[in-house]
Amino acid sequence: MVSSWWEIQVVGDAALEEGISWRLQSFGCQGTASQKQNHDCHMTGYLPQKQVNHLDLAALSLWLAQDAIALGFLPPTTRWKLINEEDWATSWQQYWHPQEVGDRLLIYPAWLDLPEHCERLLLRLDPGVAFGTGTHPTTQLCLEALEMHLDQTFGPVEQVTVADIGCGTGILSIAALRLGAKQAFAVDLDPLAVESADRSRDLNEIPPEQMIVQQGSVEQVPHPVQGIVCNILAETIIDLIPTLATISQPHTWAAFSGILVTQAKSVVDALEQQGWQVGSLWQRQDWCCINAHRL
């Protein structure tokens, strides 16, 4: 039997993008895609038909309107329709385009033909709707942090190994390798994320021994590394920090994101209590990335 999915489309002021994305994800949407046109943001999310009904969708529309009015904006337009699973698998792709990040990276949809001439390092991605497309501020902050750390690393960058904790699609591991790192350990508790990271590795033609993908967490990283990236929830990062001692050494650098600005102090305090020195905090919209190194 063919499964059906709700496709939810929200059009509102571009300043509401983060709030709309949060609301859709809280509602249960398995991935969102965003496109800006002039001063508007077009956001699309998907979730199984059986998960919600029309009354739930009407409530979502009301919440989105209330969110906007509270911030002094006009309510966004919210529409929804049912689509078949085959359409759901590809319909979101129309909203996602190549995205330049930092000075050297380019996130590139896998279904597009490769560019003939490109001075940037390509990160090819086909995440499906269950995982991010690399456009979220936290992902971009981590990618930019990787550029900085690998440019400023102690010793040859070709000797750097990186641990990617909570790897999702594996985009951060792939970026680290494209930027010159020797090896990346990509780990995630979610088996679907492990499958996605495996696909990303193959899509980018990276040898399995160079990007090692495993289900699990810090315990799957076999030895201390020179760099750590961790783009997950702040509460999870705080819980993980004590365990990072097993995979770090003096001068190991780390980039932590998935952190709201309002949560930053709690993460910084936890890091400093475990022997990390925070060097900088980068902010984008309501999110931040904490750059630190091990003393």
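Glycine is no exception: its Cβ is also placed from the backbone N, Cα and C atoms.
Among the candidates Gly102, Gly155, Gly166, the residue that Swiss-Prot annotates alongside Thr139, Asp188, Asn231 as binding S-adenosyl-L-methionine is Gly166. Within 8 A of the CB centroid of the S-adenosyl-L-methionine site residues Thr139, Gly166, Asp188, Asn231, the other residues of that chain are Cys142, Asp164, Ile165, Cys167, Gly168, Leu172, Val229, Cys230, Ile232, Gly258.
Of all Cβ atoms in the shown protein chains, 25 besides its own fall within 10 Å of the Cβ of Thr139 (S-adenosyl-L-methionine binding site). A sphere of 10 angstroms centred on the C-beta of Gly166 (S-adenosyl-L-methionine binding site) encloses 21 other C-beta atoms.
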